[in-house]
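Asker: Can you keep this structure in mind? I'll have questions shortly.
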Amino acid sequence: MTEIINVTAREILDSRGNPTIEVEVAVGTGDVGRAAVPSGASTGEHEALELRDGDKGRYLGKGVRKAIANVMDEIAPAVVGLDAGDQAVLDQRMIELDGTATKSKLGANAILGVSLAAAKAAAQAHGLPLYRYVGGAGARTLPVPLMNILNGGAHADSNVDIQEFMVVPLGAPSFAEALRYGAEVFHALKAVLKKKGAGTGVGDEGGYAPNLASNEEALALIMKAIEQAGLKAGDDVGLALDCAASEFFEKSSGKYDLEGEGKAFDGKGLVDFYASLAAKYPIVSIEDGCAEDDWATWKLLTERLGSKLQLVGDDLFVTNVTRLSRGIAEGVANSILVKVNQIGSLTETLEAVRMAHRAGYTSVMSHRSGETEDTTIADLSVACDCGQIKTGSASRTDRVAKYNQLLRIEEELGKAARYAGRDAFRALR
């Protein structure tokens, strides 16, 4: 019934105007699944390879015609005839066809597009929403949105070093109300920034991208916005940071250089910096607080703050079970960021989430800075029981599309729906 009968691919544009790949998989029932692959701005060194053309005369070298050719000429002949409902077999066939550790032969973007499109086709053929098809009958937990309302680092042209400042509506009674909390703080922050004379242009993920005196000033302004929105910081809304520390780590000196505020720290100094922020503000989560291969400072950070805060590994783990298993064994971090294109297949993504949950780590489903209207990660956040999702601010359709899909899922679940709230954060339980 769900035998794959056709695979096609095309080049489309993502939210930054760069090409990406979109794949359609058709099955014997006549159902067709479609998936568009996202792309990151700050990418970890250990991520699966996103295959680009490299032709500087076309899309500045960022075209994906090579990946499309690999889908049409290599992957399609190998998967036509397979059952789209047997995700593990399908993904393993593509992984073996590629034969490299980082999917560099065919491209992780090519493999992932087929992987996700096949899952969608199978879900449609079975008459099930994607979250139910992947997650089963127990999939009913709506995630807490970690809403990136102020952008810095690689996501903005500003002097703010920390990449994302997020509001976390952990005290809301439902996802719909959580989204309202976040949107109202987002709008309040615009008024706060305007009053200060700061810019209100937005970055890649829809958050404001002003020039500020320091990273701490960003937190102070968000606290003011929470208050002006009529909400209580710490109870209704917490704060979260994505430091993307690999972006400001100087390998030659071993120092973390916060250029925007003229400070440089060694590992211990950086941990002290985070501890001082956490003592002053209701921060519930810090992502990529240390560089991706600075395991010693990660260990120090976990020992210092791991019992109080969620410490999320993004570039550290890259949704890879090998790196995650090392982190678990060494007691590093306590949460994993889940990005489907970091590893390049749905099966491997699900394996990483299962490993994290077995070890008592939390998981956060995440978008990339280069997104499309595709809403797959919204369904996957519910299917995987992540309890948290990062998909940008309350602006830009590529971000809001995921939130709107979660609103639909919550409505469809009705009284069975459960909003994760504070329970999504191990340290707050």
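Cβ atoms are placed via backbone N, Cα and C, with glycine included.
Heads up, here are the entries from Swiss-Prot:
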BINDING   Gln163, Lys339, Arg368, Ser369, Lys390  (2R)-2-phosphoglycerate binding site
ACT_SITE  Glu205  active site, proton donor
BINDING   Asp242, Glu287, Asp314  Mg(2+) binding site
ACT_SITE  Lys339  active site, proton acceptor
Asker: Taking just the CA atoms, what is the gap between Ser369 ((2R)-2-phosphoglycerate binding site) and Glu205 (active site, proton donor) in Å?
Answerer: 6
Asker: At the level of the C-alpha atoms, what whole-angstrom distance separates Gln163 ((2R)-2-phosphoglycerate binding site) and Asp314 (Mg(2+) binding site)?
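Answerer: Spelling it out, the Cα of Gln163 ((2R)-2-phosphoglycerate binding site) and the Cα of Asp314 (Mg(2+) binding site) are 13 Å apart.
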Asker: Go through Gln163, Ser369, our binding-site residues, and report the one whose Cβ sees the most other Cβ atoms within 10 Å.
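Answerer: Counting every other Cβ within 10 Å of each candidate, the maximum falls on Gln163.
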Asker: Taking each of Glu205, Asp242, Glu287, Asp314 in turn, which of these recorded positions have a Cα lying within 10 angstroms of the Cα of Lys339 ((2R)-2-phosphoglycerate binding site)?
Answerer: Asp314
Asker: I'm trying to understand the geometry here, so how far is the Cα atom of Arg368 ((2R)-2-phosphoglycerate binding site) from the Cα atom of Asp314 (Mg(2+) binding site), in Å to the nearest whole number?
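Answerer: Between the alpha carbons of Arg368 ((2R)-2-phosphoglycerate binding site) and Asp314 (Mg(2+) binding site) there are 11 Å.
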Asker: In terms of DSSP three-state secondary structure, what is the assignment for Gln163 ((2R)-2-phosphoglycerate binding site)?
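Answerer: Reduced to three states, the DSSP call for Gln163 ((2R)-2-phosphoglycerate binding site) is coil.
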Asker: Work out how many Å separate Glu205 (active site, proton donor) and Lys390 ((2R)-2-phosphoglycerate binding site) at their Cα atoms, rounded off.
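Answerer: The Cα atom of Glu205 (active site, proton donor) is 10 Å away from the Cα atom of Lys390 ((2R)-2-phosphoglycerate binding site).
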Asker: With Cβ-Cβ distance below 8 Å and at least 6 positions apart along the chain, what are the contacts of Glu287 (Mg(2+) binding site)? List them in sequence order.
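Answerer: Non-local contacts for Glu287 (Mg(2+) binding site): Glu164, Ala240, Leu241, Asp242, Cys243, Ala244, Leu311, Val312, Gly313, Asp314, Leu337, Val364.
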Asker: Translate the DSSP assignment of Glu287 (Mg(2+) binding site) into the three-state scheme.
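Answerer: In three-state terms, Glu287 (Mg(2+) binding site) counts as strand.
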